[in-house]
Amino acid sequence: MAAKNQPSKLRDALPTIFWLGFLTGTLDGMAAIIWSFITNPKVGADVIFEFIASAVFGKAAFTSGTQMVVAGVFFHYLIAFLFTTAFYLLYPFFDKLIRNKYIIAVVYGIIVWLVMNLIVVPLSKIGYHHIKVHVALTGLVILIVCIGIPVALIADNKYWKAKFSPKK
């Protein structure tokens, strides 16, 4: 039996998680492309996704062409789907602790940034690298806006409806 503040069935949540993961991955990817264009117009979107692929394939990702761009896009969406799924499913926990969807969005954006930059990237073939403060702050804002806010708003809406809807 599902808790009162959770969607009645996980399978009911899967379509929402799927399109929300696609949305957050697209928003985050577009933000990365736009930010890259603003800061260095000579760097194309392909290089961004080759960089992501280099986490698995190392330096070969920068010399292997289109297949590495596709791999980078795949890994980017995979990561976005994983973080989106975790946040969506853990939202009731965050809501009980914090009770403000916007603060939850900020907290989750910070958590995603910390996990990616202090655990995932250092353990990948990219390895640890020094991060400038303005780059870190930009990354945080992008993650808050592109992952934290959309997931918090949708999850809050879905869980709110599930909490107060008549039992089936």
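Keep in mind that glycine also has a Cβ here, set from the backbone N, Cα and C atoms.
TrEMBL lists 17-38 (among others) with the feature transmembrane segment.
Among residues of the same chain six or more beyond the transmembrane segment (68-90), those with a C-beta under 8 A of the stretch's C-beta atoms are 13, 16-18, 20-22, 24-25, 28-29, 46, 48-57, 60-62, 108, 112, 115-116, 120, 147-148, 151-152, 154-155. Per TrEMBL, transmembrane segment is recorded for 68-90 (among others).
Summarising the annotation, TrEMBL assigns transmembrane segment to 102-123 (among others).
Taken from TrEMBL, the feature transmembrane segment applies to 135-155 (among others).
Remote same-chain residues near the transmembrane segment (135-155) are listed as 16, 20, 23-24, 27-28, 31-32, 35, 80, 83-84, 87-88, 91, 101-102, 104-110, 112-113, 117 (criterion: CB distance under 8 Å, separation of at least six residues from the stretch ends). Within the same chain, residues 55, 79, 83, 87, 91, 94-95, 129, 131, 136, 139-141, 143-145, 147-149, 151-153, 156 sit at least 6 positions outside the transmembrane segment (102-123) and bring their C-beta atoms closer than 8 Å to a C-beta of that stretch.
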